[in-house]
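Working notes for the structure below.
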Amino acid sequence: TADVGAGAGTGTAGEDEWVDDDWDDDWTDSGIVGEGPESDQEMPLADHIEEMVKRVGVVLFVGLGVSLAVFGLGEASSYVPSSVEIVEYLWRTQVPSPVENRPHVYGPLELLLTKLKVAGLTGLIVGLPLFVYESYLFMRPGLYPKERRYYLAAVPTSLVLGLLGVLFAHFVILPNLFAYFTSYTEAAAQGNIFVAYGLRDTFALILVMMGYMAVIFQIPLFIMLAIMMGLTTREWMEERRLLFWGAFLGLSFTFVAVDPTGMAPIVIAVTMVVLFEATLALLRWTGN
């Protein structure tokens, strides 16, 4: 046996492979080298699917429970906001001149369907961070200690980012969009028509935009987690940024069914690109 120096490792003369006894424990804990974590065990595919269904079921149960509470319990309890109160608040804060532009109902079920949509958005906001946490529990046995810490930190971060997305849509995007729609229509009609805001179409735009923004604002979190867990690198994403921009633009134009003018899809695409680039800039600045 040849001695190759303290801490450098030992090997058998003539062999090409060397065994290093001085690996940094952090490398093993993070999963860069070594075998899988001790908690990682082989399971049949059916057991994986069964557990995944249970995790998704928990998310759906809580999300639907919150939605039903807002839709039904809010009418009878002063502690839970009702969907009607949420509708009235959103209308007052987003539609231009809400006193003059009262909502117009053009069908017998419009109010009911709008209340259901508002309750559904509330369930989505609550269910999104829960989904992140349940996905962590599903993958936990196969994660290394550092990866577990990253994921646990992601749960409150996901909730904060989702709320920021909703607030950004509520205070910045939607009021300006409605002002643009009103001025665009009045200019096109040259003052010959009166703009009436239909309850169903108006809230379709409000709720879809808020839901989009709650999800879109998760982009920084997804990028951070992917890089921290070694799935990709900042350099790799920067080299392919145009592909990401194109994907963002394509995804944003699924919004065109709600806004045929194209303004909302453009706003969504720009928001996604800004979040993407800001995250990469932050990682570059911190030296990641």
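Any Cβ shown, glycine's included, is placed from N, Cα and C.
Features of the protein shown, as given by TrEMBL:
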| type | residues | note |
| --- | --- | --- |
| COMPBIAS | 1-12 | compositional bias 'Gly residues' |
| REGION | 1-41 | region 'Disordered' |
| COMPBIAS | 14-28 | compositional bias 'Acidic residues' |
| TRANSMEM | 56-74 | transmembrane segment |
| TRANSMEM | 118-138 | transmembrane segment |
| TRANSMEM | 150-173 | transmembrane segment |
| TRANSMEM | 203-230 | transmembrane segment |
| TRANSMEM | 242-258 | transmembrane segment |
| TRANSMEM | 264-283 | transmembrane segment |
Mind checking which residues of the chain, 6+ beyond the ends of the transmembrane segment (118-138), have their Cβ under 8 Å from one of its Cβ atoms? 51-52, 55-56, 58-60, 62-68, 70-71, 83, 86-87, 90, 148, 151-152, 154-156, 158-159, 162-163, 166, 203, 207, 210-211, 214-215, 218
With a Cβ cut-off under 8 Å, give me the same-chain residues at least six positions beyond the ends of the transmembrane segment (150-173) that come close to it. 90, 93-94, 125, 128-129, 132-133, 136, 139-140, 143, 209-210, 212-218, 220-221, 225, 228-229, 267, 271
